[in-house]
Amino acid sequence: MTQPANWSALTAVMRRDLMVVMRRRSDILNPLLFILIVVSLFPLAVGPGPDILGRIAAGVIWVAALLSALLGSERLFREDYLDGTLEQLTLQPQPLALLAFGKIAVHWLLSGLPLVILAPVCALLLKLPIAGWSTLLATLLVGTPILSAMTAIGAALTVSLGRGGALLSLLLLPLFIPLLIFASGAVEAALVGTAAWPQVLLLAGLSLLTLLLAPFAVAASIRVSVN
Amino acid sequence: MSTLLDVQQLASQRAGRTLFADLSFTLNAGDVLHIEGENGAGKSTLLRSLVGLVELQAGTIRFFPEQLPFAQEWRQHTLFMGHKPAVKAELTALENVRLQAQLTAVANVDAWQLLETVGLLGLEDLPAGQLSAGQQRRIALTRLWYSKAPLWILDEPFTALDTRGIDLLQQRFAEHTAQGGAIVMTSHQALTWRPEQLKRIRIQGGEL
Amino acid sequence: MWRWLHPYAKPETVYHLLGRWLPWVTAGAVLILGGGLVWGLLFAPADYQQGDSYRIIFIHVPSAMFSMSIYVSLAVAAFIGRVWQLKMADWALAAIAPVGAVFTFIALFTGAVWGKPMWGTWWEWDARLTSQLILLFLYIGVLALYYAFSDNRTGAKAAGILAMVGVINIPIIRYSVEWWNTLHQGATLTVFERPPMANSMLFPLLTCILGFALLAAALIFQRMRTEILRQELRRPWVKNVLQVSPTTGEQR
């Protein structure tokens, strides 16, 4: 296969996904609203005192992000599976992992990136001390690609089941634990005044590793699912 | 006459049931292979196993010119269309056609011309989801007018098409086989067109 | 590799082979594990610090040890299934995963029971207990996916992919949990790290470890035979086996 053909197919997949989601904007907005609502529940549950809220802010935002990733995961492959697109993608001469990477990238653009943009609002609502803001944003920026990639694996595995929801959280949430630990740990380190960059770097490394390997797992899962 | 596809002793099972066993056939340039059988006999499974979507239980499939089975190269020589049209409901007919062509890396496709050919001109700006099943099928079928694959594997290509659509498609089939292509297809409708080299295989299916 | 594996790729052959080994492995497991437990629980001396409560290690340590290696074997089976297109390796997942999950659960449960006298609490967010808990979730995920599909073979393949993804993540999870534990100054009293054990305690422990290994093997063999029958239900040879002798399948 020539390089231009690979490139052409990759951009076709990405353009198609972008165009489809841009026509259904609620798919982008709903997970964000979900995060916002979950975040605003916490002050009501544990009280609005800044000492408690500030301490749990990063953890709450990250847990909300994990849950919203699960919530929006179905749209990754569900429609494509139902209308036959997924089947056609597996029959493309181009490597399926490459096309899967394209889908992961679009998913991140439309769910991970908006989350980074929304994060300051959440941090404000939860009274996260200013010292932790930049670290929170950094962890979200490097951590959300992991979220998109791992979600894609789970969504591809369960796409033919039709009722993936609860099963998907069972499969994915344990795998998100390192992400949660390092991300909230980094913010905590920033709050107590120690260096947060080792954890952020670690997350960035994990992110790269995941983006490198996950497309192959997604491709294998798609092949199993269209069987 | 050159051979395009050689299938030997294919066998498949689905949910523990033998659909077909010991199925062998060859396909030469210009051949049309009509696979017949009742609902659930395993016609779709056969077509899907030809392109590697379903795992084979036994048998060999060889594509000519000789290449590795299921390697990337032969995928360029084969065009498969299943039950589902792979048309995005949110996108317009025009966008669907263009993206489909871009995905298969065919440059310089005249999407307007294609839409005119399949009779969708005037509907190009509507989201495909608002079109009828037959019209969506026509969008998907535009691939047949620019594909360079010699071997077409089509699962119920006439589904949802009206008589004019069926005629159009058969006309295209005739062109394709005249140019040395070959077609494997399933259909419940009898062909109104008489291909010169028509082969038939009947799958019984269902025996344990 | 393929040539060596090929004779074993036939479900019928594997079924009978496992059937031949099963009685020996089972007998070994009963004798050695039984002996080790009697030795450890009744005859080994009491610990000078913990008294008799330390005796739970004769169950806790072997099950905790194998809970992790069984997950690795799960991923190895899945890997073999993918690379050599060996469907029986995928089926092995159904045989191995529940055994691993139960071992993990036993390790967690005995850990909690042991924690009560040692820490004064049933549950402590200790790094090892937490990792063990996550491991249990991973096992449950693989099992849930395996049985979620109406087509058995698709389920086996999907669960295999998940097991491989899981095994890559396990070291990362372990490391992250340990780091998290030091960050939060968890329990400082670790009953798991002890000075070198006296031989009078070590030998029964080693016996128990060997016994648990044999027990795992026996359970996995039996489950594998059941899974082969389940996947091949419609094949003639299964009907013969089930008609002639439902338990051994030796005489045909």
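Each Cβ is built from the backbone N, Cα and C atoms, and glycine gets one as well.
Just so it is clear, the model here is predicted, and its values are computed rather than measured.
Per TrEMBL, these features apply:
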TRANSMEM  C:21-44  transmembrane segment
DOMAIN    C:23-184  domain 'Cytochrome c assembly protein'
TRANSMEM  C:56-80  transmembrane segment
TRANSMEM  C:92-114  transmembrane segment
TRANSMEM  C:129-149  transmembrane segment
TRANSMEM  C:158-177  transmembrane segment
TRANSMEM  C:197-221  transmembrane segment
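By number of Cβ pairs under 8 Å, the transmembrane segment (C:21-44) is matched best by C:197-221 from the list C:56-80, C:129-149, C:158-177, C:197-221. Listed as Cβ neighbours of the transmembrane segment (C:129-149) (distance under 8 Å, sequence separation of 6 or more from its ends, same chain) are residues 64, 67-68, 71, 74, 93-94, 97-98, 100-101, 104-105, 107-108, 111-112, 115, 123, 155-156, 158-159, 162-163, 166, 170, 173-174, 177-178, 180-181.
Note on the transmembrane segment (C:56-80): residues 36-37, 40-41, 86, 89-90, 92-93, 96-97, 99-100, 103-104, 106-107, 110-111, 113-114, 128, 132, 135, 138-139, 142, 159-161, 163-164, 166-167, 170, 204-205, 208-209, 211-213, 216 of its chain, located 6 or more positions outside it, place their CB under 8 angstroms from a CB of the stretch. With a cut-off of 8 Å between Cβ atoms, the residues of this chain six or more beyond the transmembrane segment (C:92-114) that come close are 53, 56-57, 59-60, 63-64, 66-67, 70-71, 73-74, 77-78, 81, 122-123, 128-129, 132-133, 135-136, 139-140, 142-143, 146, 156, 159-160, 163, 191, 212, 216, 219-221, 223-224, 226-227. Mean per-residue pLDDT, taken over the domain 'Cytochrome c assembly protein' (C:23-184), amounts to 88.
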